[in-house]
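Worksheet for the structure shown next.
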Amino acid sequence: MASACQILRWALALGLGLTFKVTHAFRSQDELLSSLESYEIAFPTRVDHNGAMLAFSPPAFRRQRRGAGATTESRLFYKVAAPSTHFLLNLTRSPRLLAGHVSVEYWTREGLAWQRAARAHCLYAGHLQGQAGSSHVAVSTCGGLHGLIVADDEEYLIEPLQGGPKGHRGPEESGPHVVYKRSSLRHPHLDTACGVRDEKPWKGRPWWLRTLKPPPARPLGNESERGQLGLKRSVSRERYVETLVVADKMMVAYHGRRDVEQYVLAIMNIVAKLFQDSSLGNIVNILVTRLILLTEDQPTLEITHHAGKSLDSFCKWQKSIVSHSGHGNAIPENGVANHDTAVLITRYDICIYKNKPCGTLGLAPVGGMCERERSCSINEDIGLATAFTIAHEIGHTFGMNHDGVGNGCGARGQDPAKLMAAHITMKTNPFVWSSCSRDYITSFLDSGLGLCLNNRPPRQDFVYPTVAPGQAYDADEQCRFQHGVKSRQCKYGEVCSELWCLSKSNRCITNSIPAAEGTLCQTHTIDKGWCYKRVCVPFGSRPEGVDGAWGPWTPWGDCSRSCGGGVSSSSRHCDSPRPTIGGKYCLGERRRHRSCNTNDCPPGSQDFREMQCSEFDSVPFRGKFYTWKTYRGGGVKACSLTCLAEGFNFYTERAAAVVDGTPCRPDTVDICVSGECKHVGCDRVLGSDLREDKCRVCGGDGSACETIEGVFSPALPGTGYEDVVWIPKGSVHIFIQDLNLSLSHLALKGDQESLLLEGLPGTPQPHRLPLAGTTFHLRQGPDQAQSLEALGPINASLIIMVLAQAELPALHYRFNAPIARDALPPYSWHYAPWTKCSAQCAGGSQVQVVECRNQLDSSAVAPHYCSGHSKLPKRQRACNTEPCPPDWVVGNWSRCSRSCDAGVRSRSVVCQRRVSAAEEKALDDSACPQPRPPVLEACQGPMCPPEWATLDWSECTPSCGPGLRHRVVLCKSADQRSTLPPGHCLPAAKPPSTMRCNLRRCPPARWVTSEWGECSTQCGLGQQQRTVRCTSHTGQPSRECTEALRPSTMQQCEAKCDSVVPPGDGPEECKDVNKVAYCPLVLKFQFCSRAYFRQMCCKTCQGR
């Protein structure tokens, strides 16, 4: 495996808190559950948008047989309730995952056995109801819910419980599911390293020197020149990754043929959602174009525990099955789609270095995207969390390094490590990308390495309903769905955040679910509104997710060179505003460049490439120090810094990119910018179309030189060097070639008879010969003619000579020699300087007109002096294409808010920036530096007719439970001074005088008692009574009191008897008082001990 491969060692499903190594993937769900610290069992239920059970519902979670119909609804709602979790999933079909021509192929040992179109009906993405901006859901609904739920800073995984009860269930119900948090995953094996196989010369080097496969030191030899990259800009555009997904035979056997397809697509659905997050800084669409399920081993594909060898085999195999009859995004005649990257999912417990199980979960070449044999990855199946492994590995193919490896992400005070983290901890967020990952992929795409992702393949499109559900079902109906036909809404203030309903027991309750979007609402500032994303907004308005917009360009940076043509750059960011609530990332140019310091360097200055190579003289290479010179041979990238070790027979790439402004090749004005060769006009302006003519005159018409061409044949061989042709000083485009493949040798001689170059038999010829102010390129091989070429101009006259050997040569020569001044035509056409740009920003134009000039003094003369046949065409180019600074754009005043008396009128005031002559973009008000013009102003009309006036609302009556507020509505004169009969005002415009309200729950009915009445007797024991009534909180009679708590209405009482004083002073006679008839009872009940009874029944009680 190439040394640029990265290995993702993620333990089980995100592996939070990983200080361990995964030694094997879970082979059964029982093994997974035993490894969890905690999990819950839930029964997901198909519901409506309010969480109410569906009265009639199509089958949910039912395993679809081949050919069977499938649920094709674009919007679904599921309730997932467990002891400590409660989710209401709002799901929308994922139309962007599958290309329109995606197929599922089943392969046996002999190859493709059969195929069919893939079914995308099970793939959904969305959010929790009422939490669109803070939650994420990606699931498959075939055979149960398989997927991820992200909410409240926690990630949950859900999947059907294998072996659960199979009893009868309604069509809207499902079987038991396992719900567990990512943080509950654990594993006993410890190993913190994420292996990266690397070579010693690359250790400690910056990431940009290690992103692509490091080239080895190569011996000198014959190389062929690679074509240069075309001109590209740093542009944010939508990319499409057409993906081949392959599941090996162990995957098919483990998950079963009937379920493996939807299982794999559920994983890829999560992968696609990860790449759509705006934190990536680019719009990347993962599209599955081909799904291959292997039922048997393939003859040329070897998959084992050894990840490196398996990946090598898979990369070659997937390249071999690519159709060569397709072009771009066209579907080949054989119906097999091409792909940009290939993903292998295996049940093997893979390991990077050995054919035994260990902790490796994924492997992919870094920077391999769009390279046929390197855009591939192997991923171990560990459940739904395999999606994070696949996204991580595809990130590597985009040139991403691990967060914290060769970059600052993850360090203290820096951007935290995220999806590309080598080690996942509790603080790692694997659902977003770090700023380092964003920089890696942006650099990769801007360097032109992702060209295969620009074509847009056909995909399946769906039409979604647009009617707000709250308009179809009002709040009372939503309550009835949840709590029965007698339920209704019972609280009205915060209906958009929580819907409160009367339960069957007549209590006002809520399940914390907001009312459906579109439900009518009312606030202190909004008389009529509707609910939208848990907020009451003016009726009819629909706040949407905010798409990102470009911010202003930064000032131009420093020039990369002080002379010879450098580069200055300016950039902008997608932050005005940043994309929010699922808004799209910006499309367009993110970095621009311009030429600077185009003046020639002083004579004798060191070559710019030589200077960069020499800086590595003090850097050890494989433990030794070398003197480095520029390597000028072929077979290397034009904009990489490839240096030759002086005195040694090898060269190597010392930097992936030269400094901006370095010429791409000798004898060219094109320069390198950000590692790619960009076109430069002969005026040394980046992107200029100005070219040299055949005389090497910038913008010339070719009239300053003439072409000299001929064939020379000497009379006899062996007579020494013979003169072939004299080339005058100033000649350009010199070319000499031996047509007979003879053993002759070429030589150059100056005017002073000095031999500048001599080719002797048997002497190897160098490739580059700096002579006469230019560079001659000498090419000679056993199977090609000897040739000598130079771009020129030469600063001295030269004579071409030939030494003929056994065979007579035939030399073809051609060059453009300057025309003597007196031979020039007196007048000729020339381009005038470019006119001033027609606009200061947002795209203007410049024109370069043609004028007739005198050749002797270059003065302009009348056009008729020049020939009309040779007139040059007028030129035009774009200029000042950068957007204009933000400014306020003011609209016309509206009509007065009132047709009578004093009112206000308004106008639109928008901060916007002109991007081009035909496009303007609205910005946030803070982007405009000038004060905002007024939006409102007063206006005056005729006297107004009478109108309705309202007084303040009364208190809610009754004081508890459902009630009403009242207010007085009067017909008033326009000046509000007189009250008029109601008939003077328009009846249709009369405001409501009552409004429903609800303060609190009313207290229950209670028993009320009166004071106790008088005792029934005047002396002794008797009874007294009181009244007991059941009354409501309003004091009205009620029957709702609890009978068991009813107070008593009667109790015993005792009246004090008057004392009897006998006359006289003698001793009192002991006798019973005649009027007391109960003395026998006093004796019977032993009351004689009491003073009263002893006195009244003295005789009876005597002696007792």
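Please read every residue number as a count from 1 along the shown chain.
Just so it is clear, glycine is given a Cβ too, placed from its N, Cα and C backbone atoms.
According to Swiss-Prot, the feature disulfide bond maps to Cys315-Cys376 (among others), an assignment based on similarity to another entry. Note on Cys376 (disulfide bond): other Cβ atoms within 10 Å of its Cβ, all shown chains, come to 29. In this structure, Cys376 (disulfide bond) is part of a beta strand by DSSP.
If you look up Swiss-Prot, you'll see Cys370-Cys452 (among others) marked as disulfide bond, on the strength of similarity to another entry. Long-range Cβ neighbours of Cys370 (disulfide bond) (same chain, at least 6 residues apart, Cβ-Cβ under 8 Å): Asp340, Leu449, Gly450, Leu451, Cys452, Leu453. The secondary structure of Cys370 (disulfide bond), as reduced to three states from DSSP, is coil rather than helix or strand.
In this structure, Cys436 (disulfide bond) is part of a helix by DSSP. Residues annotated as disulfide bond in Swiss-Prot, with similarity to another entry given as evidence: Cys409-Cys436 (among others).
The disulfide bond feature in Swiss-Prot is assigned to Cys479-Cys501 (among others). Secondary structure from DSSP puts Cys479 (disulfide bond) in a helix. Long-range C-beta contacts of Cys479 (disulfide bond), restricted to its own chain and to partners at least six residues apart, with a cutoff below 8 Å, comprise Ser487, Arg488, Gln489, Leu499, Cys501, Leu502.
The disulfide bond annotation in Swiss-Prot covers Cys490-Cys508 (among others). Around the Cβ of Cys508 (disulfide bond), the number of neighbouring Cβ atoms within 10 Å comes to 16. Secondary structure at Cys508 (disulfide bond), taken from DSSP and collapsed to helix, strand or coil, is strand.
Swiss-Prot lists Cys496-Cys531 (among others) with the feature disulfide bond. For Cys496 (disulfide bond), the same-chain residues that are 6 or more apart in sequence and have a Cβ closer than 8 Å to its Cβ are Pro514, Ala515, Thr519, Cys521, Cys531, Tyr532, Arg534, Val535, Cys536. Classification of Cys496 (disulfide bond) by DSSP places it in coil, neither helical nor stranded.
Among the features that Swiss-Prot reports, disulfide bond is placed at Cys521-Cys536 (among others). According to DSSP, Cys536 (disulfide bond) is assigned to a strand segment.
What Swiss-Prot lists as disulfide bond is Cys559-Cys596 (among others), and the listing cites similarity to another entry. Look at Cys596 (disulfide bond): DSSP puts it in a strand. Neighbours of Cys596 (disulfide bond), defined as other CB atoms within 10 A of its CB across all chains, total 21.
DSSP assigns Cys563 (disulfide bond) to coil in the three-state reduction, placing it in neither a helix nor a strand. The disulfide bond annotation in Swiss-Prot covers Cys563-Cys601 (among others).
Taken from Swiss-Prot, the feature disulfide bond applies to Cys574-Cys586 (among others). Neighbour list (Cys574 (disulfide bond), Cβ cut-off 8 Å, at least 6 residues apart, same chain): Ser236, Gly281, Gly548, Ala549, Trp550, Gly551, Tyr585, Cys586, Arg590.
Following the DSSP three-state reduction, the secondary structure of Cys879 (disulfide bond) is strand. The Cβ neighbour count for Cys879 (disulfide bond), using a 10 Å radius and every protein chain shown, is 17. Swiss-Prot lists Cys837-Cys879 (among others) with the feature disulfide bond, giving similarity to another entry as the kind of evidence.
Here Swiss-Prot flags Cys841-Cys884 (among others) as disulfide bond, drawing on similarity to another entry. Packing around Cys884 (disulfide bond) is summarised by its Cβ count: 17 other Cβ atoms lie within 10 angstroms of its Cβ, all protein chains included.
Taken from Swiss-Prot, the feature domain 'Disintegrin' applies to 460-546.
Among the features that Swiss-Prot reports, domain 'TSP type-1 2' is placed at 825-885. According to DSSP, the secondary structure content of the domain 'TSP type-1 2' (825-885) in residues is 3 helix, 22 strand, 36 coil.
Mean predicted confidence for the domain 'TSP type-1 3' (888-943): the pLDDT average there is 85. What Swiss-Prot lists as domain 'TSP type-1 3' is 888-943, and the listing cites sequence analysis.
Residues annotated as domain 'TSP type-1 4' in Swiss-Prot, with sequence analysis given as evidence: 944-1003.
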Coarse DSSP state, helix versus strand versus coil, of Cys521 (disulfide bond): strand
Secondary structure tally of the domain 'TSP type-1 4' (944-1003) (DSSP, helix then strand then coil): 6 helix, 21 strand, 33 coil
In sequence order, the disulfide-bonded residues (Cys315, Cys376, Cys409, Cys837, Cys841) whose C-alpha falls within 10 A of Cys563 (disulfide bond): none
Asn892 (N-linked glycosylation site) versus Cys884 (disulfide bond) - Cα distance in angstrom: 22
By Cα-Cα distance, the member of recorded positions Asn90, Cys490, Cys508, Cys601, Asn892 nearest Asn795 (N-linked glycosylation site): Cys601
Least Cβ-crowded entry, counting other Cβ within 10 Å, from the glycosylation sites listed as Asn90, Asn795, Asn892: Asn892
Cα distance (Å, whole number) from Cys376 (disulfide bond) to Cys436 (disulfide bond): 22
Where Cys315 (disulfide bond) falls in three-state DSSP terms: helix
DSSP-derived structure type at Cys601 (disulfide bond), helix or strand or else coil: coil
Candidate nearest Asn892 (N-linked glycosylation site) in space, where candidates are the recorded positions Asn90, Cys508, Cys596, Cys601, Cys837 and distance is Cα-Cα: Cys837
Tally of DSSP helical, extended and coil residues in the domain 'TSP type-1 3' (888-943): 3 helix, 25 strand, 28 coil
